[in-house]
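Per TrEMBL, the features are:
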- 17-337: domain 'FAD dependent oxidoreductase' (DOMAIN)
- Thr55, Ser56: FAD binding site (BINDING)
- Tyr235, Arg290: D-dopa binding site (BINDING)
Amino acid sequence: MQLKLPGMVSTSMDPVRIAVVGAGVVGLSTAMCVSKLVPRCSITVISDKFSPDTTSDVAAGMLIPHVYPNTPIPTLKQWFQETFDHLFAIANSAEAEDAGVHLVSGWQIFQSIPAEEVPFWADVVLGFRKMTKAELKKFPQHVFGHAFTTLKCESPAYLPWLEKRLKGSGVLILTRRIGDLWELHPSFDVVVNCSGLGSRQLAQDSEMFPMRGQVLNVRAPWVKHFIRDGSGLTYIYPGTSNVILGGTRQQGDWNLSPDAEISRGIFSRCCALEPSLQGACDIREKVGLRPFRPAGVRLQTEFLAQDGRRLPVVHHYGHGSGGISVHWGTALEAARLVSECVQAPRTPTPKSNL
């Protein structure tokens, strides 16, 4: 089925028409970066779900990067640095509250000394150092830790803030479910696929699967410091209005309903690290399905072809549980790929680089 929009008859003098599929943190930030990097283009964000109903809305939003097997560390560090710089600028602006971005200090603790005592991102976050013996007394089951200040990006505020900025710059927002990327041809000249878990269908990517995450949102305004177990499975992340307690990594689990037993386990583990949480109230459960891909993020251009016609597609998905930490850096890279597609001569030579 072909998508029909008003005024979609294109001439060589018209702006390049770009569709971004997906409206989580990856989709909206990609649309923003494309609008900045690609001159004379019209952008439409198409998704069946927008905030507060995206996977990104459940994310804890703490900037501590994950390692992706197929991404070189220098590339990963660049993505993280660009994201940190972008959000740090917001945190230091009058927009900080509306955007839901703020600095938070705390500890990452380990029950045994990690192989890598100083991670690759240590000089990106602020004030990174090893914890002192006095600090470690707070965590008697742990023998080593990092203390640092990083950023927290609260998606329930950040996504609407991005959406508002996109609309203000002339980007069209369209609520629609896409069943096949080819249906966007010939209404669009370039498609950016930021559909996350939806890429199982849209990109026929059988490597994509859900990594179920369950968290608790609680009121505990006295908790000011983040605490993260080195395994990444237990964490306490204070935000502006609540504290997020986590978490789980349940591979291949599609269940979006909260599990009461898991919630009890999360609360118990977090209270072991921060006993004052026993006094937390207004406990709410949230579940999200992270778009996990064993090889990591897919940033790649593919040319779909039918009957001698072709449609350039920039794929940008597969961030798993580390999306917010690198979203702006990967969005800049996706926008550069879009720019290459726009600058390339539009010739009907159906080739794929896959």
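If you go along the chain as it appears here, the first residue is 1 and each next one adds 1.
Yeah, the Cβs are placed from backbone N, Cα and C, and that goes for glycine too.
Automatic, uncurated: that is what TrEMBL annotation is.
Confidence over the domain 'FAD dependent oxidoreductase' (17-337), given as mean pLDDT on the 0 to 100 scale, stands at 96. Separating the Cα atoms of Tyr235 (D-dopa binding site) and Thr55 (FAD binding site) is a whole-number distance of 19 Å. Ranking the binding-site residues Thr55, Ser56 by how many other Cβ atoms lie within 10 angstroms of each Cβ puts Thr55 at the bottom.
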